[in-house]
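Input: a single structure, listed below in structure tokens.
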Amino acid sequence: MTVGVLSLQGSFYEHLSILSRLNTDHIQVKTSEDLSRVTRLIIPGGESTAMLALTQKSGLFDLVRDRIMSGMPVYGTCAGMIMLSTFVEDFPNQKTLSCLDIAVRRNAFGRQINSFESEVSFLNSKITVPFIRAPKITQIGEGVDVLSRLESGDIVAVRQGNVMATAFHPELTGGAAVHEYFLHLGLE
């Protein structure tokens with residue numbers, strides 16, 4: 001197994017660091033050749049509009065979507081979740097990978113100054129995770145499993161087959177529970 005981390009923009013170094021700690025083979029994905037070498041992909045948090053532009057400019061956008069639709073496990077955090085979604089409510093014309101049957105609203109928990117940490121349940125354990133200009137999942141389609149919610153009831157982590165996403169940034173906490181779950185995605 002080789003995990004790729006899309007490394008065009010955003011918090012990719014933090015994901016690479018966690019994968020190193022987990023002794024998992026991993027590479028940065030910046031080109032189509034890089035993408036061809038991976039069996040799993042992480043799309044990091046960052047700025048979704050910039051990430052979209054960079055994936056299109058690099059020629060990776062369609063290749064990433066094709067690999068995901070062919071069954072490659074993928075995990076998106078924050079902006080990565082926006083990129084995986086099928087619809088962005090506040091930017092209805094924003095192009096997405098459309099690989100995860102959810103609708104999202106960008107920056108729904110507030111601006112940068114409104115960033116916060118919260119304890120959430122994830123797979124029967126509690127983890128404290130940061131929400132930084134985080135998107136909110138406003139709708140989920142059939143076949144989408146909820147992995148985590150805030151106390152308010154807001155859905156903050158989901159999975160649909162080989163695709164998972166979180167509104168929060170577990171890569172910034174040093175904890176590895178979410179990444180460990182992703183590494184087993186599709187192996188169960």
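Cβ from N, Cα, C; glycine included.
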Identity of the L-glutamine-site residue among Arg105, Arg106 (reference: Gly46, Glu47, Ser48, Ile132, Arg133, source: Swiss-Prot): Arg106
Assigned element (helix, strand, coil) containing Cys78 (active site, nucleophile), judged by DSSP: coil
Glu171 (active site, charge relay system) to Cys78 (active site, nucleophile) - Cα separation in whole Å: 11
Near-site residues: L-glutamine, ref Gly46, Glu47, Ser48, Arg106, Ile132, Arg133, CB cutoff 8 A to centroid: Gly10, Gly45, Cys78, Ala79, Ile82, Asn107, Pro135
DSSP three-state assignment for Gly46 (L-glutamine binding site): coil
Cα-to-Cα gap, Glu47 (L-glutamine binding site) vs Cys78 (active site, nucleophile), nearest whole Å: 9
Site of maximum Cβ density within 10 Å, from recorded positions Glu47, Glu171: Glu171
